[in-house]
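Undergrad: Below is a structure I'd like to ask you about.
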Amino acid sequence: MAHILVIDDEVEVTTFFKYFLQKMQHTVTVAHDTRQINDVIENDVFDLAIVDLKLPDTDGLAILKNIKKVQPSTQVIIMTGYSTVKTAVDAIHMGAYDYIEKPFDDILKLKQIIEQALHSQSLQTDELDMISEETGFIIGANQEMRRIIEIAKKVAPKNISILINGETGTGKEVFARFIHHISSRNNHPFIAVNCGAIAESLLESELFGHEKGSFTGASQVRKGVFEIANQGTLFLDEIGEASLQTQVKLLRVLELQEFMRVGGEKTIKTNTRILSATNVDLETAVQKKEFRSDLLYRLEGVKLCLPPLRERREDIPLLIQHFTKRMQKTSTFSPVFSPKAIEVLQNYQWPGNIRELHNVIMHTLALADKDSREIDIKHLPEKILDSVIKRHVPASADVSFEEKSLHTNNVTPLRKKSCTDDFSALADEFCSELLKKIEVENGFDLPNLLALIRDIETKVGHEVIKKALRQTMGNRKEAGRLLKINPRTLRYLLNEKGKSVPLGE
Ligand SMILES: Nc1ncnc2c1ncn2[C@@H]1O[C@H](COP(=O)(O)OP(=O)(O)OP(=O)(O)O)[C@@H](O)[C@H]1O
Ligand SMILES: [Mg+2]
């Protein structure tokens with residue numbers, strides 16, 4: 001038995017809920033205006049509040065804020081009409097548990113939402129994990145991703161359209177499949193259409209199908225995507241690329257929820273959930289008159305923006321594991337990525353996001369020695385290593401780099417032997433070989449030779465420092481310590497053009 005507050009100015013609504021909730025064995029308090037609302041919120045504690053979004057003297061969002069402030073553990077369900085669904089979604093962003101649409105046609109569903117809110121769980125975590133595994137959509141631990149999933153969980157079972165925004169490769173399509181799987185439409189088709197790739201001449205036929213003989217070449221009846229995706233989900237991918245002609249057709253069918261096959265005479269009803277995705281900013285496209293604002297309004301019942309991979313670096317190890325495991329399904333090769341290799345991958349910028357990470361993992365595994373048990377820094381593609389080092393050791397780097405440096409706690413030192421016996425023997429040998437070749441009888445350009453030797457010194461210094469920086473993943477202080485040189489010398493040898501400074505300084 002729970003204690004529930006119902007807030008609505010319409011007495012019929014509060015009376016309905018009183019009867020309905022009492023039958024569910026709950027106790028009910030009702031409030032119709034701000035004074036009553038403030039009074040009950042201050043003086044009573046509720047498990048759940050069902051709040052109308054539109055009230056004559058206040059609004060549901062303000063009440064939500066107030067309830068969450070005074071009674072943070074009270075769950076809030078927002079009641080809304082069709083025209084205010086977007087605001088109801090804002091309410092979820094602000095902490096409401098869910099929203100319900102008036103009129104309440106589906107009493108069973110209403111009962112279910114109330115019970116779920118009281119038990120504070122919609123989809124169980126293990127169920128979500130299973131769907132994530134099935135659809136190949138890794139959720140991870142990133143807070144922004146978690147927030148997006150929470151909203152997706154709430155809106156997936158409804159018919160509201162969802163616009164997925166995000167840079168290329170952030171997983172918009174896998175996310176759309178995931179939403180379809182957690183929705184109640186998951187027994188029906190998920191159909192993806194690339195809106196930029198539909199040929200204008202085939203547009204209507206692609207979307208709505210055609211009757212036999214409706215045009216030259218139409219030898220069969222063909223269903224369009226709106227018909228095939230009936231009861232299921234239609235994913236309009238790259239919606240920002242849709243031509244204005246495509247946009248007009250889409251808008252019409254979304255508004256009317258019906259269409260006619262090309263050459264057909266009867267209208268066909270469609271019940272399709274629309275998900276769409278884009279990596280362009282559609283608001284800007286609307287301003288530039290490249291995208292219809294009325295279509296955007298229809299598509300973005302809810303807008304969810306997937307973060308770029310560089311903003312969810314904490315999920316990189318899990319994604320690496322996922323891709324490695326996926327490859328192991330088709331191969332016996334089962335190495336793991338070393339902590340240092342993972343760290344380098346976490347420090348790369350990933351302009352191509354998760355798609356690029358996927359490709360890099362596949363590429364690295366394909367090139368690695370099949371006996372390797374561990375993938376280490378040296379196995380990673382050159383472009384990743386170079387970019388990570390450059391980013392952390394810019395040519396004009398100053399001492400403040402240390403503040404930005406990577407964690408290097410468990411860095412293995414370069415071989416300590418470097419400057420001792422082997423190298424002094426090598427240097428002696430080089431020296432005597434060189435001297436043997438020098439004859440002064442006919443004159444000799446000594447300054448030129450010394451300049452050459454200084455160049456060798458600079459080159460050797462430069463290359464050894466680069467080696468040390470790779471080893472320490474760009475940490476200058478650590479590299480300097482390994483090489484027994486101070487930061488000034490290191491900086492000098494790395495940055496200064498043509499000059500040299502004695503290494504033993
Ligand atoms: N969350 C994720 N979990 C696992 N794999 C992912 C995830 N997101 C993306 N991927 C991988 O990245 C690849 C690209 O994903 P997807 O095609 O969904 O990106 P996108 O955002 O639609 O890119 P684009 O804008 O270029 O079309 C997929 O093949 C998939 O392997
Ligand atoms: Mg895509």
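Heads up, the Cβ atoms here are built off N, Cα and C, so glycines get one too.
Curation plays no part in TrEMBL annotations; they are all automatic predictions.
As annotated in TrEMBL:
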DOMAIN    3-117  domain 'Response regulatory'
MOD_RES   D52  4-aspartylphosphate
DOMAIN    138-366  domain 'Sigma-54 factor interaction'
Undergrad: Hey, what's the Cβ neighbour count for the residue listed as '4-aspartylphosphate' at 10 Å?
TA: 22
Undergrad: With DSSP helix as H/G/I and strand as E/B, how many residues of the domain 'Response regulatory' (3-117) fall in helix, strand and coil?
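TA: Computed counts for the domain 'Response regulatory' (3-117) are 57 helix, 27 strand, 31 coil.
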Undergrad: Along the domain 'Sigma-54 factor interaction' (138-366), what average pLDDT does this model show?
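TA: Reported value for the domain 'Sigma-54 factor interaction' (138-366) is a mean pLDDT of 91.
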